[in-house]
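Record features, source TrEMBL:
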DOMAIN    93-310  domain 'ABC transmembrane type-1'
TRANSMEM  33-58  transmembrane segment
TRANSMEM  93-118  transmembrane segment
TRANSMEM  130-150  transmembrane segment
TRANSMEM  181-201  transmembrane segment
TRANSMEM  289-310  transmembrane segment
Amino acid sequence: MKNLTKKASASETERVLKVKKSGVGLEKARYRAFYAIMAPFIFFFLLSKGYPLVWGLYISFTNFTGFNLDNLTFVGLANFKRVFVDNEALPSILRVIGIGVITVPVGTVICVTISLILSNTFRGVGVFRTLFYLPSVIPAVAIALMWKGIYAYDGGLFNFVRELFGAEAVNWLGFDYVKRALIIMMLWTSGGGALTIIAAIKGIPDDLYEAADIEGVGAVSKTFKITLPLVSNMIYMHITTSIIGTLQLFAQPVLLAGASGEGLTSVPIRPVYTYLVHVYQQIFVNMRFGYGMAMVWVIFAIIMTITFVLEGTKKYWVYTESN
């Protein structure tokens, strides 16, 4: 009897070990299949993203002009030091910051307000959601050219309205008005992020609002104590992407306020001469690839710093399950 018990135990142990081995083998097979499927994507990602990133970092420490690979010279941090003494680099960053100080908070308020209104159910709400989201799917080039026509001195919509009320036409794309013209155009596109906030509002449980109704909480209090805290994560994302987008302003000022017929190589007037416009001029007009790439890494460092600062403040105003 004891022998039978021992044999049964041994066979059971052997069976368990086989199952475990087969499980481990199956897990390894799954990993192999996963990496086999992902290998082409990883390869093309490294080829299209990783290699240019490493190459861009390398040439930022050289005097590369696009045609001097044979006598490339390592210049160390000279290109980075030059950014801070460039007569146009730092002023262009300050111009972008000045634009962002207006467009980010005002655009966020517009976006959140639109979201709160369009999260309700009423006739035609789908049409309004589509209209407010439309600027997000229109290319930036098309938007800039459309607004350039709206701002035109002769026949432009803004000047037509001014003349209707007896005011004189102004040069919206001239030195005095071009900055506010760019800001208005950017604010026009700020409603594009409303759909994600609307989706977050729709995901708030109805029980919370029902409990608030029982307690006699008003509509305004429900908005500030329930709705906004629970969608604060989406608002945080909107603010972050808006800041990054503002720091990367390029096509809009060039096409809006640049010389006609010169495309992206045109230089917009000083009030909207942004940092990335200066980068483009250095790389593709002046052929200073090394210096231009150093400027790119400087703005990258600024964006990462701002992102980390925002992430650090997140715990104080963004609602999560932990806080």
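Note that Cβ sites are derived from N, Cα and C of the backbone, with glycine treated the same way.
Stretch with the most C-beta contacts under 8 angstroms to the transmembrane segment (93-118), considering only 33-58, 130-150, 181-201, 289-310: 181-201. Taking Cβ pairs closer than 8 Å, the transmembrane segment (130-150) reaches residues 114, 118, 156-158, 173, 181, 185, 188-189, 191-195, 251-252, 254-256 in its own chain, all 6 or more past its ends.
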